[in-house]
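Notes to accompany the following structure.
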Amino acid sequence: MSLILAIYGKGGIGKSTTSANLSAAMALKGAKVLQIGCDPKHDSTFPLTGHLQPTVIDVLDSVNFHLEDVSKEDVIRTGFAGVDTLESGGPPAGSGCGGYVVGETVKLLKEFGLYDKYDVIVFDVLGDVVCGGFSAPLNYADYGLIIACNDFDSIFAANRLCLAIAQKSQRHKVKLAGIIANRVDYEYGGGTSLLDQFAEKVGTKVIGRVPYHDLIRRSRLAGKTLFEMEGPGKEECTRPFEEMAEYLLAQPQATIPNPYHDRAIFEAIGGWR
């Protein structure tokens, strides 16, 4: 049975770049990995493949939504380090329900029997959990991961995600494996001071600290993982992913989080330094 990870975080926090590099790091350590992009923008797997691939919704539309006419080869592409990739896609902007498409993609994986064919399956899910469709990966995941940075909005979203994981854990096996700190800047951004306090309060920990570095920006523009890039800072940028891969492929010290109520988190963050 696969190790299933569901990665969430505030919109624009860097989930896709982080997910792709984490998938690559686990693959480089010998794991057979499938990364699934769960966002209508369908750009989650771009750093692994170097292009935007056909989505589940594109393929279904081409066969008039006859599921029996779709094979896994129609929707899966192989990227860097042998990572298999899949994008759920979604309706055009301003129409339809992206969450519904994510829910249908989860069902499709079951139809193809993919849950037993990989060592690791990574769900990269957009933004906050705002509906049942986008929370569907938590029904199958062993662990949730939250990506955040050291600011108010990011931590507020992380708290709501902790609430979603805590609620799902009442009926499913999912637990929180930890928080990934992204864009860590010790000179101007306070490092991870707020995130560390938040993690301790809700009963988890920061499992990785990804630096704020131009190499990461350039890797995204190039459609490459950090492991394929050259230049100053490469080791500094790749090391956190290697360490997180080791942590997740072993037995993570996962917990059921104890989040704040919305009003309480406002008051709490204001008192942290």
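Glycine too: its Cβ is placed from the backbone N, Cα and C atoms.
Taking all protein chains in view, 19 other C-beta atoms sit within 10 angstroms of the C-beta of Gly14 (ATP binding site). Taken from Swiss-Prot, the feature ATP binding site covers Gly12, Ile13, Gly14, Lys15, Ser16, Thr17, Lys41, Asn182, Arg183.
There are 24 other CB atoms within 10 A of the CB of Ser16 (ATP binding site), with all protein chains counted. Annotated Mg(2+) binding site per Swiss-Prot: Ser16, in sequence order.
Annotation source Swiss-Prot lists [4Fe-4S] cluster binding site at Cys97, Cys131.
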Check your understanding: When you look at Gly12, Ile13, Gly14, Lys15, Ser16, Thr17, Lys41, Asn182, Arg183, which the record names as binding ATP, what is the longest CA to CA distance in angstrom?
Key -> 22
Study note, to complete from the structure: DSSP says Lys41 (ATP binding site), in three-state terms, is coil
Practice item. According to DSSP, folded down to helix, strand and coil, what is Ser16 (ATP binding site)? Key: helix
